[in-house]
Amino acid sequence: MSSVAVLTQESFAEHRSGLVPQQIIVATLNSEEESDPPTYKDAFPPLPEKAACLESAQEPAGAWSNKIRPIKASVITQVFHVPLEERKYKDMNQFGEGEQAKICLEIMQRTGAHLELSLAKDQGLSIMVSGKLDAVMKARKDIVARLQTQASATVPIPKEHHRFVIGKNGEKLQDLELKTATKIQIPRPDDPSNQIKITGTKEGIEKARHEVLLISAEQDKRAVKRLEVEKAFHPFIAGPYNRLVGEIMQETGTRINIPPPSVNRTEIVFTGEKEQLAQAVARIKKIYEEKKKKTTTIAVEVKKSQHKYVIGPKGNSLQEILERTGVSVEIPPSDSISETVILRGEPEKLGQALTEVYAKANSFTVSSVSAPSWLHRFIIGKKGQNLAKITHQMPKVHIEFTEGEDKITLEGPTEDVNVAQEQIEGMVKDLINRMDYVEINIDHKFHRHLIGKSGANINRIKDQYKVSVRIPPDSEKSNLIRIEGDPQGVQQAKRELLELASRMENERTKDLIIEQRFHRTIIGQKGERIREIRDKFPEVIINFPDPAQKSEIVQLRGPKNEVEKCTKYMQKMVADLVENSYSISVPIFKQFHKNIIGKGGANIKKIREESNTKIDLPAENSNSETIVITGKRANCEAARSRILSIQKDLANIAEVEVSIPAKLHNSLIGTKGRLIRSIMEECGGVHIHFPVEGSGSDTVVIRGPSSDVEKAKKQLLHLAEEKQTKSFTVDIRAKPEYHKFLIGKGGGKIRKVRDSTGARIIFPAAEDKDQDLITIIGKEDAVREAQKELEALIQNLDNVVEDYMLVDPRHHRHFVIRRGQVLREIAEEYGGVMVSFPRSGTQSDKVTLKGAKDCVEAAKKRIQEIIEDLEAQVTLECAIPQKFHRSVMGPKGSRIQQITRDYNVQIKFPDREENPVHSVEPSIQENGDEAGEGREAKETDPGSPRRCDIIVISGRKEKCEAAKEALEALVPVTIEVEVPFDLHRYIIGQKGSGIRKMMDEFEVNIHVPAPELQSHTIAITGLAANLDRAKAGLLDRVKELQAEQEDRALRSFKLSVTVDPKYHPKIIGGKGAVITQIRLEHDVNIQFPDKDDGNQPQDQITITGYEKNTEAARDAILKIVGELEQMVSEDVPLDHRVHARIIGARGKAIRKIMDEFKVDIRFPQSGAPDPNCVTVTGLPENVEEAIDHILNLEEEYLADVVDSEALQVYMKPPAHEESKAPSKGFVVRDAPWTSNSSEKAPDMSSSEEIPTFGAQVAPKTLPWGPKR
């Protein structure tokens, strides 16, 4: 069942009544406007007379009287004493020390109170506590608990009094503890003990004990009494509306608790003072005994549905009967099926009570009205407005609508229910006559499409046909749709819904298979591209799968033809995407990546734009050399060629083509490219490029430094020859830590095996999954021999031995510094051998080695070599001016790191000299003599190198000398190149971009002299190896710039054409389209005269460019002028009311006409003298045809305009004949400026007529303070 609550208009009427005074005021104002204007005195009443002012001044200006209550201070101070014998901390020599000070500080921080302590002569402690009352009380309690010795006592009080000591939520107990500064412990309710324990100071215990006993004594005076009274007599004791029991409670001061009717208990509880309680009990017993004797009962049957009317709201009807007749009415509980009502009272009053019970029972009636459930909401009306009319007239009638049932239930006073029933029946009859409903079956899968986005479709149908359409929710899976409303509207809505459903049934759904990687591209950023497709095919619904589903099915749904068109369009789009997703990888040496990128990405950006490809370079910190190019195949190939050409130009890169049969390519590449990768690594990292599989090409391209390319070519041809004759492969396994040892230093060991057996041995690359696998390839006998040798080596490595060697302790540090870097390198190189040096602090020289026998022997040999190097180590000084140090180091010290690796030496640069200028101060004297250092300085040769220039090299003598030569070779050299001064600024480039590019490309520093010097030389500083390349590059740039200068001179040829200014807009074209095409086609610049410049001839058009191109552009312009001169212009009178329709939305219609007839049509601007004059320009025959066409359109559109205007006459509201009179403004009568009286104007100098404000007056002696 569902009830409909209806808002009545009573409360609204009350609220609205507040508006009435405003309406009255408005009416008054309006009447005043119509009557005479007010007088000046009425509008501006005069100020009060002087006497009135003086009168008020007579009173005391607010004295502070005794009526004012003193404001209670928010901060209080309390002082209390702790005797010596009760102090916790007595053995303190000085106040403020030890535990006592800490405790005081803690209490102040926790409570916010301020504490001051002092010692009396008798060594007692005085404590002054200041702060807010609550904080002081808490601080006092803490001080007593922590600074004063604690005693305890027990107080026995009756168990039933304990709850009064605790109080509500324990508040009473907390207050008591704060007030007495004690801790009071009360036994738990389940503990039979009645002892209350108090802990604190003696004084506090006494106070707390007294308070507890006082509470108990108070409770001793009170008593509790329970009186058994039959439940039937409770109403007589309580009295009507509980008045009788209330009077007894008030008179005796006793609390009387009568159980409510719903609780099946008979005892009445009395609480209060013993004497008064006894009086109350006696009075109630008397009432009970009296009623028991005098009363009798009768039982009557009343329908269960009428019981609630007998009870009344909140039991008021029962109380009313009891008050009038003195009879109690007992109603059976609502969950009981009994209909018997018992009346209890004096016999003579039972008849009257019975009459009233039947009157109450029959005063209300329940009725029902038959109404189809679909009409219920129409009966209720929008926001309950229809029902509100009924309930407003009969507020006591309750109307209830039951969902799913064809009836309305009315409940209330009989007369009101009858009236309401008639009204509702009338409404139902009216609705049935003028409304209809229909139910249609449409497959539920189409329901959401019928509803439309955000309910657009269904809302349109509802509004258009004034019907209600009820579509079941998706969860019901029901096909039934119900339409309710006007019969005609219902039929029309039904027809449209069925048509929509039919159309959906005839729709075609097609699944397109599109790779998921293209979905995001088709959708576009923020859905831009898919929006364009949907705009192109608005009737087709395109659904992409959820990215998480990893599905490739894109669903299209809509009319068959549109779906087919959309399918073709999307397939073409996907084909373009596939074509544009062709990808090739180009291996480029890592050091040339920055040159391919160019300064600020200029080179790579240019290649991308010109080839229309996507180019991805590996990250700077990545070891990959591969550049990936994505786009159309032809474009990718072009981009690859350009990138390779850059690499070829930058370095001594050779490129060789080798012909190897295509059938051998896969076997040469090997599993996951392992074989070909091993050849590339062995030959200095050359790049070997095989043709695309299936192309049929035999050409293999090898690219890299010349010597490495030749080596790789020989190996590749040898391997191909082997593959052609016979190929045999064997896999063996070895622990990855053995691989470096098997390969040997610089690949020496493995090369020895290869040379002796002729087999090819391939070790796994770092990215391979199987790191244990070693592959041997070659002829069978060679492979078997190599396998035997390698397995013998691996077997030896598996035999772990432990050996030791003696190493001088002074060399130990070299091996263990930098977290054992040297030891780690030895372990990696020699099969994971473990080398253990003795702990620091011990004088042992024994070093233990553990691992494979061969690895241990090789590691011992290597350690011995290192020791020999350390013992043979020398230090060499290399003098290089400090200003070159940064250049010698290279970016991030890369050049120095390379030298230290190549020559196995250590290089130390000096600290930077902070004050390079030598001091000229006199030398310091000590004890009358010059300092020794000063004398040495004097003896130093002034030509010797400075300390800050000396670089120290440590290592073997021959290696140090080689490293010194390498360092000196890194010192930059400067050369000068002749460059004409006028080209300097072009070499520098915009914001220095040109010169920076050259410096980065050639790794040199280029210095261009200041412009004021007008020098013709440019200085280049850098390594000798780079200077020649840099000089050649600079001279090439000079040649380019000189060629550009010559080209600029040729391009600056100017030609003028004389053209009538009226033709200029046509030559320019819409948005400059025509002139832009001429400019691009002939590669010229065309300048039109400035309209605002009066000195410039307006018929001259200037063309700038190559002489040949300017002449061609001139001919193109003159050709357009020739065509324009043949054109004619005609004015046509065209009714201005149809102009907008001929022009169309955003000018679409007029553009279509102009394109169709090849004419120009100009409409008059707003405010033109003749708004109907339209100008048509073009070739004579085209103009005539265009005029005929627009005149036909005018005739057609005018008929619509006339009909529309005739209709508007009836739609307009009646015009007011009389216009409003102009507003008078604010008018007053008898104003001073309009007065004709002979009254004189006030004398401005008179202090009486114009008194002075702000003058001081002698103050009157009054009690101080404001008036209350």
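Each residue, glycine too, has its Cβ placed from N, Cα and C.
Model, not experiment: these values are computed from the prediction.
Annotated domain 'KH 1' per Swiss-Prot: 150-212, in sequence order.
Residues annotated as domain 'KH 2' in Swiss-Prot, with sequence analysis given as evidence: 222-284.
Swiss-Prot lists 295-357 with the feature domain 'KH 3'. Across the domain 'KH 3' (295-357), DSSP helix (H, G, I), strand (E, B) and coil residues number 32 helix, 15 strand, 16 coil.
The domain 'KH 8' annotation in Swiss-Prot covers 653-716.
Over the domain 'KH 9' (727-790) the predicted model carries a mean pLDDT of 81. Under the heading domain 'KH 9', Swiss-Prot lists 727-790, citing sequence analysis as support.
Secondary structure counts, DSSP: the domain 'KH 13' (1052-1117) has 32 helix, 15 strand, 19 coil. Residues or ranges marked as domain 'KH 13' in Swiss-Prot: 1052-1117.
Positions annotated as domain 'KH 14' by Swiss-Prot, on the basis of sequence analysis: 1127-1190.
The N-acetylserine annotation in Swiss-Prot covers SER2, and the record cites similarity to another entry as its basis.
Annotation source Swiss-Prot lists phosphothreonine at THR8 (among others).
Per Swiss-Prot, phosphoserine is recorded for SER11 (among others), and the stated evidence type is similarity to another entry.
According to Swiss-Prot, the phosphoserine annotation covers SER31 (among others).
According to Swiss-Prot, the phosphoserine annotation covers SER35 (among others).
Non-local contacts of THR295 (phosphothreonine) by the CB criterion (under 8 A, 6+ apart in sequence, same chain) comprise PHE236, ARG344, GLY345, GLU346. If you look up Swiss-Prot, you'll see THR295 (among others) marked as phosphothreonine, on the strength of sequence analysis.
Per Swiss-Prot, phosphothreonine is recorded for THR296 (among others). For THR296 (phosphothreonine), applying a Cβ distance below 8 Å and a minimum sequence separation of six or more within one chain yields ARG344, GLY345, GLU346, PRO347, LEU350.
The feature phosphoserine is assigned by Swiss-Prot to SER317 (among others).
The Cβ of TYR437 (phosphotyrosine) has 16 neighbouring Cβ atoms from other residues within 10 Å, across all protein chains displayed. As annotated by Swiss-Prot, phosphotyrosine applies to TYR437, with the evidence given as similarity to another entry.
The modified residues under consideration are SER645, LYS991. Their Cβ neighbour counts within 10 Å are lowest for LYS991. Summarising the environment of SER317 (phosphoserine), the number of other Cβ atoms within 10 Å of its Cβ, over all protein chains shown, is 21. Looking at SER317 (phosphoserine) and TYR437 (phosphotyrosine), their Cα atoms lie 46 Å from each other. Note: the CA-CA distance between TYR437 (phosphotyrosine) and SER645 (phosphoserine) rounds to 81 Å. Note: the CA-CA distance between LYS991 (N6-acetyllysine) and SER645 (phosphoserine) rounds to 28 Å.
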